[in-house]
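Student: What follows is a single structure, and I will ask about it in a moment.
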Amino acid sequence: MTDFEQTRRLFHMPEGVIYLDGNSLGPLPLAAEGRVSAMMTEQWGAMLIRGWNDANWMAMPRRIGDRVGRLIGAPEGSVVMGDTLSIKVYQALASALDIAAERDPKRRVILSDNGNFPSDLYMAEGLIQTLDRGYELKVVDPEAVEAAIDETVAVTLLTEVDYRTGRLHDMAALTAMAHAAGALCVWDLAHSAGAIPVDLLGADADFAVGCTYKYLNGGPGAPAFIYVSPRHADRARPALSGWLGHERPFAFDLHYRPGDGVDRMRVGTPPILALAALDAALDAWEGVEMADVRKKSIALCDLFIAEVEQRCPDLVLGSPRDGTQRGSQVSFLHPEGYAIMQALIARGVIGDFRAPNAIRFGFTPLYIGEREVIAAVDILSDIMTNRLWDQPQFKKKALVT
């Protein structure tokens, strides 16, 4: 059984702060500072460019990809790190469309839902324009995805956990339906990896992508990951054919030849310092069972919902009530949601806001427990009961919400 009292000691948490925003940016793992410092002084500083060989920097995207892979049910050698999540969405979708076109060139629909993160949809729109082959992006309500999977669909592009509401798609069921209809699946795990148990191999997913700065605590701008099913690994054609995805990068061939397996999804020079921070962050997951994380997460979310509904009747639940249908976050709705969240942050309870009216709270058992939940609701209740949010300084919108 996972010892969450032990894991919470692995993170830096400012005194007086209740941090309920790990679904947006995880806190600093205590090991990360030393790891990055050592990388800078003992490797970059002492080795200079020799670090690529002597410290094996070039292998970090695959090595750390395998560490992430163990948290998402991916076999060794099927995950590689690098770039941003939006870039990886573009790569995965382009590769999936290529494979789908080989099977049935008449299919022209990319199916997604309006709970998908907008950047995923922007990437799809941009790819459609670039390809100029008559593809169409069809966006439906999350509840309508199943019914929309038909013989016109080439690829489904879905986020497993809705970033606004926490609503959870059934990955295995929807993947099976898509495959039965002749389509491929691309899954975005931005709000899944490190939050809920994920089994990409068991679900038979074709491609998956995700970020590492949320529940995996890799730090601001931490590199994204891409998973390619082993059955597609040597036939996927990367839309962004960078030099490190080449079969022999240091041959400097003028013509691109894809590397073996998931290595072909590498693009440019890996962010070594960011990977060092992520590597340290992943140490916190050693000995952690995702089933324990899930059980505790549901309990914390359920407690929060019950307390808020009892003590803050003006807030409306914006997430599924059933914990098994929800990720590791809870949203409440209010017309003055932004001001309410700013008032909370001013009192040391950090969550975030998503337009038009959702205040979001992430519950990460690695560093959050029942006492933080109750203390957060105490402050929220005071703010709501006494309308403490109704002040000009809380209504002025910042660039990042």
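Glycine too: its Cβ is placed from the backbone N, Cα and C atoms.
A TrEMBL annotation is a machine prediction, not a hand-curated record.
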Student: Quick check on the annotation: TrEMBL has Leu85, Ser86, Phe117, Pro118, Ser119, Asp120, Thr159, Asp188, His191, Trp243, Thr269 binding pyridoxal 5'-phosphate, so which of Tyr19, Tyr213 does it put in that site too?
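Tutor: Given Leu85, Ser86, Phe117, Pro118, Ser119, Asp120, Thr159, Asp188, His191, Trp243, Thr269 bind pyridoxal 5'-phosphate in TrEMBL, the matching entry from Tyr19, Tyr213 is Tyr213.
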Student: For a quick check of packing: other C-beta atoms within 10 Å of the C-beta of Leu85 (pyridoxal 5'-phosphate binding site), how many?
Tutor: 23
Student: Which chain-mates of Phe117 (pyridoxal 5'-phosphate binding site) that are at least 6 residues away have a CB under 8 A from its CB, listed by sequence?
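Tutor: Expected: Thr159, Tyr163, Asp188, Ala190.
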Student: Under a three-state reduction of DSSP output, how is Lys214 (N6-(pyridoxal phosphate)lysine) classified: helix, strand, or coil?
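Tutor: Where Lys214 (N6-(pyridoxal phosphate)lysine) sits, the three-state DSSP reduction gives coil.
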Student: Tell me, which binding-site residues from Leu85, Ser119, His191, Trp243 are within 10 Å of Lys214 (N6-(pyridoxal phosphate)lysine) if we use the C-alpha atoms?
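Tutor: Checking Cα-Cα distances against Lys214 (N6-(pyridoxal phosphate)lysine), the binding-site residues within 10 Å turn out to be His191.
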Student: For Ser119 (pyridoxal 5'-phosphate binding site), which residues of its chain lie six or more apart in sequence with Cβ-Cβ distance below 8 Å?
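Tutor: Counting only residues 6 or more apart in sequence, the Cβ neighbours of Ser119 (pyridoxal 5'-phosphate binding site) under 8 Å are Leu85, Ser86, Val89.
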Student: So the record assigns Leu85, Ser86, Phe117, Pro118, Ser119, Asp120, Thr159, Asp188, His191, Tyr213, Trp243, Thr269 to pyridoxal 5'-phosphate. If I measure every Cα pair among those residues, what is the longest distance in angstrom, as a whole number?
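Tutor: Farthest Cα pair among residues binding pyridoxal 5'-phosphate: 30 Å.
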